[in-house]
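Some notes on the structure that comes next.
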């Protein structure tokens, strides 16, 4: 197998591929242009979106030429893949802003030049509908489209005609990139398989060219939960939506059984180093988790920020050191009262999802103020508890929050 494809396979990226042997031979002979797309439906990507772009970085290291397609036109429709209901329709202004933010985010992470980023509005915004139906729609079988899991799943919930068009548009994207950039490979998550092979078929029918599609597994944790979700919501790559400290802690708290898998997927460490550190046992495995958290934080947020939150994490668990990057909650006492029920503050700061959960944690001995266990549900936090205008709240073993006045 081609070296680049073999690396993706070893690291757990490869799920399905059209004509793998033919693609491998092609990549042995020449460096190819390949692409992955992302719709501008949000102002930030989350960790679940990152896998295709990490794979792109591996392929780029082997000399292949990446294109990141920003779906500013397809964002007006929304991909039904993995969705049980129609996406919210966004304004042109929202989509334009999202497209810029996502481009900047991915450029910072991948270090790709601006020339690697293309918007599909370049060809989709000025399509003539009648000509599109005649020249593109004629190559699609409705029966075959309905056989794909994306559409089969939505038939029970309702599928709008606008969403039904999405596969044609993504296929046309691939056709246009093949036409203007000689793009030979599209990559994406496995939920994109139907859209990708439809693009491969369209190109073959339109101009006889052989192109390829490759998908990656949709990452789930060993507990069966979807990768990229936390108690605080989606693990966004934007630090304004999900703090860098929480991002680091998300990976630092990886379950033992996921450490090796995530080291291969979310870092660029060499195979022998991953094999060594992922085989640590007992408490030593925590070192492997720290390495995982640091490496992926470095990729997404830069080495300087990764070092800051690593030190903050060490400080939180040691009780000393630079704690400035531990998340904080700004709080003001009422002008009439200089105390607050701790359970209320825990809910206000969102360190617990409900008062009942806060009470349960206190009863089980899992809540600490400045290192001292809270014994009562009726515990009051007063100004006397604050040292240099802050106290440290710890919930369980791993959740730390500075309460600042």
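Cβ atoms here come from the backbone N, Cα and C positions, even for glycine.
Taken verbatim from Swiss-Prot:
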type	residues	note
BINDING	35, 166, 170	L-tyrosine binding site
BINDING	229	ATP binding site
DOMAIN	340-405	domain 'S4 RNA-binding'
MOTIF	40-49	motif ''HIGH' region'
MOTIF	226-230	motif ''KMSKS' region'
Number of Cβ atoms other than its own within 10 Å, given for residue 35 (L-tyrosine binding site): 24
Per-region confidence, the domain 'S4 RNA-binding' (340-405) (mean pLDDT, whole number): 86
Largest separation between Cα atoms (Å) of residues that the record links to L-tyrosine, namely 35, 166, 170: 18
Cβ-Cβ neighbours of residue 170 (L-tyrosine binding site) (radius 10 Å): 28
